[in-house]
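*Asks:* According to TrEMBL:
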COMPBIAS  270-280  compositional bias 'Polar residues'
DOMAIN    5-63  domain 'CBS'
DOMAIN    78-140  domain 'CBS'
DOMAIN    149-210  domain 'CBS'
REGION    239-291  region 'Disordered'
């Protein structure tokens with residue numbers, strides 16, 4: 001099933017902007033972006049879609065909030081709604097792996113005979129099975145495989161077309177997942193919205209990066225832009241490099257967005273994020289300011 005593929009390491013420097021980090025993640029279709037010290041070559045920390053979206057959500061009231069965040073998914077059509085790859089509870093693990101590789105997807109909504117959403121199976125579930133050695137072969141069904149899930153799994157997270165972009169953003173951050181399955185009024189799976197979809201439409205598209213599609217490979221070179229107002233966001237983006245996946249982190253309480261600008265303690269961050277009306281504020285926020 002797996003093919004021998006060698007890809008060059010995609011990384012970023014600590015002085016690059018958060019905007020460029022998001023652009024690199026989406027262009028290269030990667031889930032993790034190592035931040036490397038240019039002097040030592042050591043990995044300082046790792047950026048992920050989920051960490052960045054949590055940071056955006058935490059400071060949502062401090063940023064130039066676009067009006068389209070109050071529009072619904074039906075209006076914006078953010079996500080994938082055509083040729084959705086699904087599975088059934090009878091689908092084998094080996095077939096699910098084949099779908100992951102051939103369709104280049106990271107999760108499969110599990111549906112019943114009527115197309116109604118009943119569960120979900122992701123690449124992380126395969127890694128979890130291998131780590132816990134809870135299966136004997138790859139021919140077992142997804143239903144049987146999902147019976148070995150850890151206690152942290154609370155069910156598949158979903159949303160509907162009439163929910164606003166902000167509501168979807170809040171759901172995905174609070175649930176600490178990588179995607180939401182879009183269902184209709186009959187609970188049938190009709191689409192998927194991922195972290196990369198959200199970051200693309202929240203950050204890159206408003207900056208004129210409409211040619212970059214989160215579902216297609218990008219070819220534009222990464223250009224790090226420095227700013228005199230660069231602000232350290234280590235606390236928002238640092239993650240343990242030894243972790244297999246940050247898709248599931250038990251016993252963590254997601255942040256709530258500040259209710260008042262007074263809750264922002266760093267005045268430099270506010271000036272860096274609010275001083276431009278024509279260019280994305282994320283061009284002014286650096287991955288690190290030298291710590």
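Keep in mind that glycine also has a Cβ here, set from the backbone N, Cα and C atoms.
Those TrEMBL annotations? Automatic predictions, nothing curated.
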*Asks:* Tally the residues of the domain 'CBS' (78-140) by DSSP class, grouping H, G and I as helix, E and B as strand, and everything else as coil.
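*Replies:* So the counts come to 21 helix, 15 strand, 27 coil.
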*Asks:* Averaged over the domain 'CBS' (78-140), what pLDDT does the prediction give?
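*Replies:* The predicted confidence over the domain 'CBS' (78-140), as a mean pLDDT, is 88.
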